[in-house]
Amino acid sequence: MLDPKLLRNSLDEVAARLKTKRYDLDVDAFSQLEERRKSVQVRTEELQSERNSKSKNIGMMIKQGQDPQPLKDEVAKIGEQLETAKAELQDIQDKLDDLLQGIPNLPDASVPEGASEDDNVEVRQWGSVREFDFEPKDHVDLGESLGLLDFNSGAKLAGSRFVVMRRELARLHRALAQFMLDIHTTEHGYQETMTPFLVHAHALQGTGQLPKFEADLFKVPGEHDFYLIPTAEVPVTNLVREEILDAKELPLKMTSHTPCFRSEAGSYGRDVRGMIRQHQFEKVELIHVVAPEQSDAALEELTGNAERILQLLNLPYRVVALCGGDLGFSAAKTYDIEVWLPAQKKYREISSCSNCRDFQARRMQARWRNPETGKPELVHTLNGSGLAIGRTLIAVLENYQQADGSILVPDVLEPYMGGVKVIKSAN
């Protein structure tokens, strides 16, 4: 959530910056609510002061032997007016809060201008794209020909955008998750964290998925207000909700391997083939909670940590800076990491690394105690995939495929595969 003071003091400037994110702020609606809020707040304070003053006079009248009843009646009437004003003020504040909850984060000054992903700016590339002496297959043809990737069974169990993995491929998927966690915890200093896969609505509000993106979520019917998590960003970041962290606890770096559940409501017709866009997938998430002055460096570090996984797997990739029009709701700045997929002959997103500044922290009231002031201040939060496991599996299948349809196991994964070096058809 944006700082309400910033909106009050620089409304036109904020509106102009939000336009670069393809968001039109309703300036008139905010201004009208804010004027009403100020007017009713002044009225409330005046009534409170008047009631307090007259209440004191009641005691004086009693001491002087005067009849206080007329003044008591007047105080009671003022009290009724005060309660009405307080209720009106709360109603206005609720409307302002609802409006604020729907306003996205402001883009950093360093974010490239642009309207869509076509305007994103490449920052760097790593690795050499492999030259095949045969026509490379996509992951669907490879997995199905090996008898290890089964979309028909996934559809039988749950419908479209689900898959069943078998034998060596299921093990390779598990190996990737373990490998990522091992690197992030032993080399990069993250705390491994296990959280619930179900959360209440307030957790999703804290990280910005609610109220704007409810259609993208799976809600569990019943007496509990539960949603399936769309990313581990939600439960892990919310661990600092309504907390005041000590300065020595920062930076706080956490990693978590979870399933993720998304309805893909806005993705009809996109990536319908294969595992690129699934309703259920797994991901290793990276979370940083930092002091404000640490967040610029933290974004570079987090992105580098995600890149390290691809480097160790020897998968070519590039990093792009998202333009304003392609930024997510809560992000102030984002780097996407895109891995090379030979069958598509292009780079595809495998990680999105974002600095949310104090946007999520304000929604969650996540703070740290600044030793210089001794006062609680909002932290900055960052998140990124380190990596999406299904998409990493796709990249391994396509980049390590052989002419006979077999798949070489990357060297770094062999210890997790029980010495299996090549994945072949069982037939």
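Counting starts with 1 at the first residue shown.
The backbone N, Cα and C atoms fix where each Cβ goes, and this holds for glycine too.
As written in Swiss-Prot, here are the features:
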- Thr231, Ala232, Glu233, Glu285, Ser385: L-serine binding site (BINDING)
- Arg262, Ser263, Glu264, Glu349, Ile350, Ser351, Ser352: ATP binding site (BINDING)
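Where Swiss-Prot records a feature, it is marked here on the structure.
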{"residue": "Thr231", "record": "L-serine binding site", "DSSP class": "coil"}
{"residue": "Arg262", "record": "ATP binding site", "DSSP class": "coil"}
{"residue": "Glu285", "record": "L-serine binding site", "DSSP class": "strand"}
{"residue": "Glu349", "record": "ATP binding site", "DSSP class": "strand"}
Taking Arg262, Ser263, Glu264, Glu349, Ile350, Ser351, Ser352 as the record's ATP-binding set, what's the max Cα pairwise distance in Å, rounded to a whole number?
19
Among Thr231, Glu233, Glu285, Ser385, these being the binding-site residues, pick the one whose CA is nearest to that of Arg262 (ATP binding site).
Thr231
I want to check the contact list for Ser385 (L-serine binding site): same chain, sequence separation of six or more, C-beta distance under 8 angstroms. What comes out?
Lys283, Val284, Glu285, Leu286, Ala306, Ile350, Ser351, Ser352, Cys353
Would you count the other CB atoms within 10 A of the CB of Glu349 (ATP binding site), including those on all shown protein chains?
15
Distance between Thr231 (L-serine binding site) and Glu349 (ATP binding site) at the Cα atoms, whole Å?
16
Which residue, of the binding-site residues Ser351, Ser352, has its CB surrounded by the fewest other CB atoms within 10 A?
Ser352
Hey, which of the binding-site residues Glu233, Glu264, Glu285 is the loneliest by Cβ count within 10 Å?
Glu264
For Arg262 (ATP binding site), just count the other CB atoms lying within 10 A of its CB, please.
20
For L-serine: widest Cα to Cα gap among Thr231, Ala232, Glu233, Glu285, Ser385 in Å:
9
Which residues in the same chain, at least 6 apart in sequence, have a Cβ under 8 Å from the Cβ of Ala232 (L-serine binding site)?
Thr195, Ser256, His257, Thr258, Cys260, Lys283, Glu285, Ile287
Using a 10 Å cut-off on Cβ-Cβ distances across all protein chains shown, tell me which of the binding-site residues (Thr231, Ser263) has the largest neighbour count.
Thr231
